[in-house]
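Below is one structure, written out as structure tokens; the observations come after it.
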Amino acid sequence: WIMGHMVNAIAQIDEFVNLGANSIETDVSFDKNANPEYTYHGIPCDCGRTCTKSEKFNVFLQGLQKATTPGDSKYQEKLVLVVFDLKSSSLYDNQASDAGKKLAKSLLQNYWKNGNNGGRAYIVLSIPNLAHYKLITGFKETLKTEGHPELMEKVGYDFSGNDDIDQVAKAYKKAGVTGHVWQSDGITNCLPRGLDRVKQAVANRDSSNGFINKVYYWTVDKRSTTRGALDAGVDGIMTNYPDVIADVLSESAYKSKFRIATYEDNPWETFKN
């Protein structure tokens, strides 16, 4: 999965997919009542990027729905996965459940169109704080209450705080999550970061009793870093330059080992050689 980083304006969806992304990451900011409000990152952000592009969250969802609904004039067949980077750190811990409930309602209405031919992309809820695990339970409960528990088949999870892998496992246990787990590791492109924790996550993914299904590394803009991440065995690379990642994937060392994921590739299944 080539994951376009910080796609917060509708116009950027086409821009990143046309450069080779089959997945995008979108920032979600919340108001003080835990309503998802804007697709917005803010300052500071990655070096070389504009930090302030934004849409109202529900408006962005409507644009995203068009981009991921077959038959729509804006349809982008290659776009199969969306990571919502939930900026829940602005909330109190006891608001996490509410944030999850409100997020579920927004998606149900504006993206899934209440189960009536909505967008088809798989969704990852990426949460920065292990203490906010109730965001997941609130989300799940709401889809159930609203009569669409089947949509949870399209939803996965990530804790993005670079926490100790054992602590991440405990948070999922509390949230009642088994499966659909993506594990991120990374840092802003302005700073270097080693691959030690990525390798730990990959080892968990590949062990018989691991809880991780997929591992992605962020934010990767250089060819050398891309090669390092691929050599470590990641499933996804988040980038500001999808064309750079696509280029490296076409190198002889990688093109026999990796291919770009399509809609037919289940993002919740651990890849077995």
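Note that Cβ sites are derived from N, Cα and C of the backbone, with glycine treated the same way.
Of all Cβ atoms in the shown protein chains, 29 besides its own fall within 10 Å of the Cβ of H5 (active site). Marked as active site by Swiss-Prot on the basis of similarity to another entry: H5.
Per Swiss-Prot, active site, nucleophile is recorded for H41. Under DSSP, H41 (active site, nucleophile) is assigned to coil, being neither helix nor strand in the three-state scheme. Cβ neighbours of H41 (active site, nucleophile) (same chain, under 8 Å, six or more residues apart in sequence): M6, N8, D27, C51, T52, K53, K87.
Sequence annotations record features per position, and here Swiss-Prot assigns Mg(2+) binding site to E25, D27, D85 based on similarity to another entry. Its Cβ placed at the centre, D85 (Mg(2+) binding site) has 25 other Cβ atoms within 10 Å.
What Swiss-Prot lists as disulfide bond is C45-C51 (among others). Counting Cβ atoms from all protein chains shown, C45 (disulfide bond) has 21 others lying within 10 Å of its own Cβ.
Sequence-distant neighbours of C190 (disulfide bond) (same chain, 6+ apart, CB under 8 A from its CB) are D46, C47. The disulfide bond feature in Swiss-Prot is assigned to C47-C190 (among others).
Counting only the Cα atoms, the space from H5 (active site) to D85 (Mg(2+) binding site) is about 10 angstrom. Of all the binding-site residues given, namely E25, D27, the one with the smallest number of surrounding CB atoms inside 10 A is D27. Note on the disulfide-bonded residues C47, C51: the fewest other CB atoms within 10 A surround the CB of C47. Summary of the Mg(2+) site environment: with the site residues E25, D27, D85 set aside, the chain residues having Cβ atoms within 8 Å of the Cβ mean position are H5, M6, V7, N8, T26, V28, H41, V83, F84, L86, K87, S126.
Annotation note: C190 (disulfide bond) sits in a coil segment as assigned by DSSP.
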